[in-house]
Each structure stands twice: as structure tokens, then as C-alpha cells.
Amino acid sequence: MKVENAKFVKDYIKITYDAWLKGWHERNGGNLSYRIGEDEIKDVKDQLSENSEFVPIGVSVSNLANEYFLVTGSGKYMRNVILDPEANIGIAKIDDKGENYKIVWGLLNGAKPTSEFPSHLMSHSVKKEATGGKNKVIYHSHTTNLIALTFVLPLDSKVFTRELWEMATECPVVFPSGVGVVPWMVPGGAAIARETSKLMEEFDVVIWAHHGTFVAGETMDLAFGLMDTAEKSAEILVKVLSMGGKKQTITADNFRDLAKEFHVTLPEKFLYE
Ligand code: 13P
Ligand code: ZN
């Protein structure tokens with residue numbers, strides 16, 4: 001089967017275009033990676049060329065050895081993926097140590113995976129372990145309102161989680177573990193990858209101060225929906241703050257009632273008075 005015709009590639013392309021329409025992907029901003037299942041890679045195996053050279057990832061991810069990832073190219077525009085998939089995205093294979101990758105399809109003309117590949121792979125590594133292999137997607141975007149909030153709220157997971165939860169009743173159900181916050185760091189390297197993946201042990205949403213957001217999900221719909229929900233909540237908070245701030249809100253006890261009804265566990269550390 002042609003790679004572009006595989007369902008996981010079609011789903012991936014749909015998400016990149018939807019994300020572009022959301023306004024989260026100016027220029028080459030943001031990137032998406034998908035851990036391809038064994039059955040899925042089998043269907044396109046005859047289209048892969050395994051002759052390329054392995055190059056270092058820059059971090060070590062031993063539990064991802066021999067896995068295949070569909071990933072956006074560095075410097076490539078999310079909005080162009082739908083127009084020319086083979087030039088803007090590619091399939092990378094990890095070596096048997098989890099230290100190098102090679103391109104086996106796409107990323108034509110010497111293009112490379114996103115500069116955030118270390119953050120993607122370290123987050124995949126943590127989430128694969130934590131979910132017994134269910135988590136398949138790591139997604140980074142430049143969400144306008146979440147970024148705006150990192151200029152006015154303390155860069156503290158407790159504050160961000162509680163404020164975002166209060167802005168939309170669905171939020172504690174969609175991201176019950178809360179959100180993590182990474183202070184400003186130089187993007188694109190091993191250091192920010194380590195900080196992000198540490199927070200991924202606890203959270204599915206990690207905000208990069210003054211930069212953007214990383215989310216993890218079992219499917220592309222779940223990852224995109226999680227990004228959308230957190231960003232929508234941030235948009236409401238920006239509006240509320242612009243209108244002079246909260247006059248009333250959802251209380252800690254309201255959240256406890258919600259948790260009971262919706263069968264989610266909300267950590268008490270976020271339910272402070
Ligand atoms: P890439 O073009 O390398 O994917 O970088 C975009 C980005 O958002 C960096 O954080
Ligand atoms: Zn970015």
C-alpha cells in the first residue's frame with residue numbers, strides 16, 4: 001500500500017490540517033509524532049527504504065528500540081503537510097539501542113525530523129511505559145492563549161491546573177491529572193526534552209513557558225482534543241482576566257462532586273482553598 005493511503009497517515013494529515021486551521025501553527029511552528037503499530041507498518045513495509053544512515057537522536061530511549069515514528073520535518077509548515085506529505089513528513093526508524101534513527105520514507109531532499117524530536121521521543125518513552133503501550137501520539141503546538149497566560153500567571157503547575165479547570169467544567173474530566181509547566185528553556189535539545197519527559201510522568205499536558213504546549217494521547221483524536229480543550233479553557237481565562245477577573249467560579253467542593261459523578265480522581269493538591 002502507498003504510504004499516503006494508509007489510515008494512520010490519512011488521520012495524521014487530517015490532524016495537521018485541522019491544527020493549522022486552529023491558528024496554532026504559524027510558519028514552521030509545532031510538530032506531531034505518531035508511534036506506528038506493528039500491524040500498521042506491515043501494510044507499508046514494501047514502500048520503505050532501509051538503506052539510509054542512522055544518525056544520533058541526542059537522547060537515549062531504549063524502550064523505543066526498533067519502533068517506527070511518523071513525524072513532521074524540521075522547518076516544515078503544518079499547513080503544507082496536506083499538499084505534499086512526502087516532502088513535509090517522514091517515517092523514522094529507531095535503532096536496536098534506542099540511540100539513533102534513520103529515515104525510511106518521506107522527508108525528501110535531505111529534510112530532517114523536527115528539532116523537537118528528542119522531546120517527542122523522550123515523552124513517547126515515558127508514556128509507552130506508563131500506559132502499557134497504549135499511548136501513540138505526542139503533539140506540540142503554539143497555542144496562543146496558553147502562551148499568553150505564561151506571561152501573567154505564576155509558572156506553577158498548581159496554579160495553571162486550577163485556573164484551567166475552573167474555566168470549563170469538562171476540563172477536570174478531560175485532564176484529571178492536571179497540567180505541568182516548564183519554565184522558559186532553549187527549545188530543540190536534550191535539556192528541554194528531559195524536563196518535558198519528567199513532567200510527562202505525571203501529566204498529559206505540559207506547557208512550555210512563552211513558547212507552546214506538548215500533549216500526549218492514545219489516538220490522534222484524543223491528543224488533538226486534549227490540546228483543543230486546554231487551549232479553549234485558556235482562551236476563556238484570557239477573556240475573564242480582560243473583563244476584570246472572576247466574580248464567581250467553580251469551587252473546590254464542586255470539583256469533588258464532579259469527580260465522584262464522573263469517576264475521575266482529582267489530586268487534592270489542586271483543590272486548595
Ligand atoms: P521544527 O520546525 O524543527 O519542528 O521546530 C518548530 C518548533 O515549534 C520548535 O519548537
Ligand atoms: Zn515550538
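Glycine too: its Cβ is placed from the backbone N, Cα and C atoms.
Marked as domain 'Class II aldolase/adducin N-terminal' by TrEMBL: 10-238. Annotation comment: TrEMBL describes GLU116 as active site. If you look up TrEMBL, you'll see HIS140, HIS142, HIS211 marked as Zn(2+) binding site.
Its Cβ placed at the centre, HIS211 (Zn(2+) binding site) has 19 other Cβ atoms within 10 Å. As a whole-number mean, the pLDDT of the domain 'Class II aldolase/adducin N-terminal' (10-238) in this prediction is 98. Listed in chain order, the residues near the Zn(2+) site other than HIS140, HIS142, HIS211 are GLY29, GLY30, SER141, THR143, ILE147, PRO187, TRP208, GLY212, THR213, PHE214, each with its Cβ within 8 Å of the site Cβ centroid. Counting in whole angstrom, HIS142 (Zn(2+) binding site) lies 13 from GLU116 (active site) by their C-alpha atoms. Each of the binding-site residues HIS140, HIS142 was scored by other CB atoms within 10 A of its CB, and the lowest score goes to HIS142.
In the three-state DSSP scheme, the residue listed as 'active site' falls into the coil class. If you measure from the Cα atom of HIS140 (Zn(2+) binding site) to that of GLU116 (active site), you get 9 Å.
Secondary structure at HIS140 (Zn(2+) binding site), taken from DSSP and collapsed to helix, strand or coil, is strand. Cα to Cα, GLU116 (active site) and HIS211 (Zn(2+) binding site) are separated by 13 Å.
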